[in-house]
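**Student:** The structure's right below; bear with me while I get my questions together.
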Amino acid sequence: MEGSSPKTKVYKRRWLIVSLFCLYSMSNAYQWIHLNIIANIITKYYNASLPEDRFQRETTVDWLSMIYMLAYIPLIFPSTFLLNKKGLRVCALAGAFLNALGAWLKVACVSQDRFAVLMFAQTICAIAQIFILGLPAKIAAVWFGPNEVSTATSLGVFGNQVGVAIGFLVPPILVPNSESLDEIGNDLSIMFYAGAGYMTLLFILVIIIFKERPPHPPSKAQMLALQNVHEEHYGRSLLNLFKNIGFDLLTITYGVNTGCYYAISTLLNPIILEYYPGHEESAGQIGLTIVIAGVGGSIAAGIWLDKTRTYKGTTLGIYFLSMAGMVAFTFTLDIKILWVVFLCAGALGFFMTGYLPVGFEFAAEITYPESEGTSSGLLNASAQFFGIILTIGCRAMINKVGTLGSNLLISGTLLVGTICTGFIAADYRRQEAGKEILEQMDNALEIEISEKYTEKSRMADAENDNRI
């Protein structure tokens with residue numbers, strides 16, 4: 001049987017690969033939000049090189065976050081093509097290198113007239129994330145067994161979430177608000193140098209440790225994917241995805257949910273400071289609460305999916321609870337009790353951030369055998385698109401109406417997303433492919449056993465004839 005059945009095996013190295021990915025994904029996510037959580041301080045320090053109009057000035061600082069979203073949209077297609085054709089290692093090296101390069105460029109930004117340089121450095125980091133966000137589902141499929149893929153995808157997203165958490169928590173501590181611009185500059189310099197050193201170390205580790213794939217595939221489904229990889233045509237794969245109505249709906253709903261998360265994260269500083277002036281550290285801690293709760297939600301959702309495989313029901317349930325959490329967060333901000341805000345922010349984060357790996361895995365299920373990198377890349381592009389629209393829209397609402405109007409806009413958007421999710425068909429193609437392979441193997445085994453039994457019967461009959 002061993003000669004006729006290709007070998008599958010899971011390797012211990014898979015945990016090292018996914019852990020290293022988590023670390024450098026974490027560092028890139030940190031760079032996404034670490035400036036906007038202290039947006040009022042960044043605006044004060046770089047005021048000389050920012051527009052005079054208030055809305056333009058604040059929106060310009062918001063672009064330090066939104067540049068991550070904008071850069072992703074046009075570059076996702078070439079980066080996904082690179083992932084499919086050159087593989088995991090090339091993309092991991094590109095992401096880690098650009099991440100470190102952007103971090104070192106920020107070291108040169110500590111001057112009040114260098115906001116343009118800071119934006120350029122942030123743009124380099126934004127390009128780096130293109131080689132990061134689409135990897136969790138691909139790493140899970142290439143390195144992990146069939147009962148581990150959802151958990152592994154959750155762990156991959158986990159690193160990104162922890163990076164956002166650190167980006168919320170650390171900058172308000174390292175760069176406190178001060179009347180002295182020189183003090184702010186010194187604090188920014190310390191933060192930038194520390195980040196650059198850490199990200200350079202990660203780049204070196206990726207060069208040494210990160211491997212393309214294991215010697216043998218971890219599952220029968222991945223074995224089939226490897227057999228078909230040379231026949232895969234990127235343009236045809238994209239066309240197949242766009243023709244899949246369920247995936248089209250999921251792309252929109254995933255983009256709406258994650259775009260809401262991006263908008264809240266980008267604007268958390270002004271949202272909290274409107275109700276709690278001078279509480280920059282509290283704004284960071286509330287962001288930390290959202291993300292840490294989301295980490296728990298991601299892991300719980302991954303384990304739940306591995307056990308139940310109920311992708312449609314889980315996606316719909318989490319989406320609805322994300323909307324409910326946002327409504328609770330909106331109407332508790334005004335009661336001036338900070339611990340209640342923390343509690344509601346935690347509930348919001350548990351479901352909204354916990355949705356991220358569920359969306360990836362649902363997409364992998366309903367689009368099999370198309371590449372996980374392609375489907376997750378399109379989901380992320382949608383998230384960036386809606387993130388830009390919602391961030392600009394919410395910033396305008398904050399300036400014209402107030403934070404309440406901004407939060408109600410996000411709540412209403414999540415309601416529409418929940419309704420649309422209900423129309424996605426539960427077409428579990430990856431599960432069906434796995435069942436078909438097992439059935440074929442069982443049939444082959446039954447035939448082999450039957451042939452051996454027949455042969456033994458013939459030998460026994462011949463032996464009895466000889467005795468007679």
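Placement of Cβ uses the backbone N, Cα and C atoms for every residue, glycine included.
Note: TrEMBL annotation is automatic and uncurated.
Here TrEMBL flags 15-43, 63-83, 90-109, 115-137, 149-170, 190-210, 245-264, 284-304, 316-333, 339-358, 378-398, 404-426 as transmembrane segment.
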**Student:** Any chance the transmembrane segment (284-304) and the transmembrane segment (339-358) are in contact, meaning at least three CB pairs closer than 8 A with a sequence separation of 6+?
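**Tutor:** Yes, these stretches are in contact.
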**Student:** If you count Cβ pairs under 8 Å, which stretch among 63-83, 90-109, 190-210, 339-358, 404-426 touches the transmembrane segment (149-170) the most?
**Tutor:** 339-358
**Student:** State the residues, same chain only, that lie 6 or more residues beyond the ends of the transmembrane segment (90-109) and have a CB under 8 A from a CB inside it; answer 'none' if no residue qualifies.
**Tutor:** 21, 24, 27-28, 31, 79, 82-83, 115, 117-118, 120-125, 127-132, 134-135, 188-189, 192-193, 195-196, 199-200, 202-203, 206-207, 210
**Student:** Which one of these stretches, 63-83, 115-137, 190-210, 245-264, 404-426, has the most C-beta pairs shorter than 8 Å to the transmembrane segment (15-43)?
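**Tutor:** Per the Cβ count, the answer is 190-210.
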**Student:** For the transmembrane segment (339-358) and the transmembrane segment (316-333), decide whether they are in contact, meaning at least 3 CB pairs lie under 8 A, counting pairs 6 or more apart in sequence.
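**Tutor:** In this chain the transmembrane segment (339-358) contacts the transmembrane segment (316-333) - 3 or more Cβ pairs sit under 8 Å.
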**Student:** Need a quick answer: max count of Cβ pairs under 8 Å to the transmembrane segment (245-264), which of 115-137, 316-333, 404-426 is it?
**Tutor:** 404-426
